[in-house]
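Participant: Have a look at this one.
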Amino acid sequence: MAVSTEAAWARVAELARAPAAAAIRPLMADPARAARFTHRAGDILADLSKTSVSDTVREALLDLSRARGVLAARDAMAAGEAINATEGRAVLHMALRGPRGAFRTEGEDASAGVHDTLDAMRAFCARIHAEGRFTDVLSVGIGGSDLGPQMAVRALWRHGMPMRAHFLSNVDGHAWEALRHGLDPARTLVLVASKTFTTAETMANAHLVRDWLRGALGEAADAQMVALSTNLDATRAFGVPGSQVFGFRDWVGGRFSLWSAIGLSVALACGWEVFAGLLAGARRMDEHFLSATEAENLPLLMALTEVWHVNGLGLPSRAVLPYDERLARFPAHLQQVEMESLGKRVTLEGAPVSRATGPVVFGEPGTNAQHSFMQLLHQGTTPVPADIVLVATPDHGFDENHRQLLANGLAQAEALLRGRGAEEVRAEMEAKGMAAGAIEALLPHRLFPGDRPSATLVLPRLDANTLGQLVALYEHKVFCLGALWDVNAFDQWGVELGKQLAGALLPELSPGAAAGEHDPSTAALIAELHRQRGG
Ligand SMILES: O=P(O)(O)OC[C@H]1O[C@](O)(CO)[C@@H](O)[C@@H]1O
């Protein structure tokens, strides 16, 4: 019999109150556990066994998923329903990588426009590559109009690919200052990537870059500006020739827009086949997400594991550790995808949530992370679940390095799980001939509690297809968490207030400007900045 949502949450809470709820090591005594908690989706293998999710807990979590109707919500998303209720929009990033005719919304074929745009993007790339005039592409954008493409180019660009890509996001002039000296205006194609084409930072930087082009090339410079946006009026007003505007629809959320025209920088820099491979990989994960049963649905199982960590065990953060330098920007991309989606405090109906929602997500590539923040994961007071991403086969020939990399990734997960008890630490120090007093003094500092959770994802190799699968896997995980927590994962009202206040503060920072009404702290800081800036 189906359980109610409240009964399902109560069952999860009850299991989490059990004395050994957070213990993982006893579960690992079961030799079949690793296989039972390891899942495949497309080319990705995910070992979720190094967590305290027992079979009983998993059943309770699956009951919760059924009670919350997660798979029905998934189907509503795929059917083009306006599930982004606060913005009255469908959520159809899957249509960006789906086959023609696959997705509809409001009675229209959403895929038709997608494929028209893809055709235009492909033809544009072919022309730019054939002409050979441009060696560099500069993409000006921020947030979802920057992080996804930047992450993908970092992961997929190889020497010999058609163009070099650069990304300008921060309104901090130092970012442009650092970039512009390395660019030849005559050989740089500029993309202004902005869903709304109103984002202050992007528009400020777009003007800087256009001034730079015009300074070098005169009015002809405008011909090498390209716009990627839903706001065609604004791109026209900015003066971008219509043939160089690539659009998308408002049912593409900014943080899910890598697959849209926003991904043009990937296609230009890496080649069309790479961009097409990215889309194909994401589609492969979509097919898994849309067809797998609850018990085999990897995005859902990862979401349920997160529910256990956040709501069951009260763990407020998660680390993302790709053991691949090419995935250096993957944690940054996920930070936006996850935290902008799930950093919510009211339900879809507008009531305060009754339990914690999105955790803090942070990360760095391994092994660098080990020499940075992993100390806290091993010995800090609050466990931080870690996602460890391994790539079995590298693209380079330095196999010894790669073995070291993999050994370190595996070792971190093992160390988090196993910990290190007093007997082992004492024996090690005794073997080194240390005095008994010194051993006892050092002992507490050298203990590792263990039982710290991690998930290990293994990709056979990192290419466009597997990267597409990986990114889509996390997108769908976020969707499931939104459905489980009953929050809208597709709006981002929380970014508005800061934008508005920055707009109000801007004139107050002009020389001699009068200060507006502020709290005493902000007022004093404005006065101090005026003093230090000499005005
Ligand atoms: O693409 P746009 O409209 O310039 O927006 C950039 C980013 O700003 C946000 O709206 C808020 O930071 C993100 O959701 C979005 O990805």
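Cβ atoms here come from the backbone N, Cα and C positions, even for glycine.
Feature table excerpt (TrEMBL):
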type	residues	note
ACT_SITE	GLU340	active site, proton donor
ACT_SITE	HIS371	active site
ACT_SITE	LYS499	active site
Participant: With every protein chain in view, how many other Cβ atoms are within 10 Å of the Cβ of HIS371 (active site)?
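Facilitator: Excluding its own Cβ, the number within 10 Å is 10.
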Participant: Would you mind reading off the Cα separation of HIS371 (active site) from GLU340 (active site, proton donor), to the nearest angstrom?
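Facilitator: Spelling it out, the Cα of HIS371 (active site) and the Cα of GLU340 (active site, proton donor) are 28 Å apart.
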Participant: Given the active-site residues GLU340, LYS499, which one is most crowded in terms of C-beta atoms within 10 angstroms?
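Facilitator: Its Cβ has the most other Cβ atoms within 10 Å: GLU340.
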Participant: Can you tell me how far the Cα of LYS499 (active site) sits from the Cα of GLU340 (active site, proton donor), in Å?
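Facilitator: Here the two Cα atoms are 15 Å apart.
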Participant: So, in DSSP terms, is HIS371 (active site) helix, strand, or coil?
Facilitator: helix
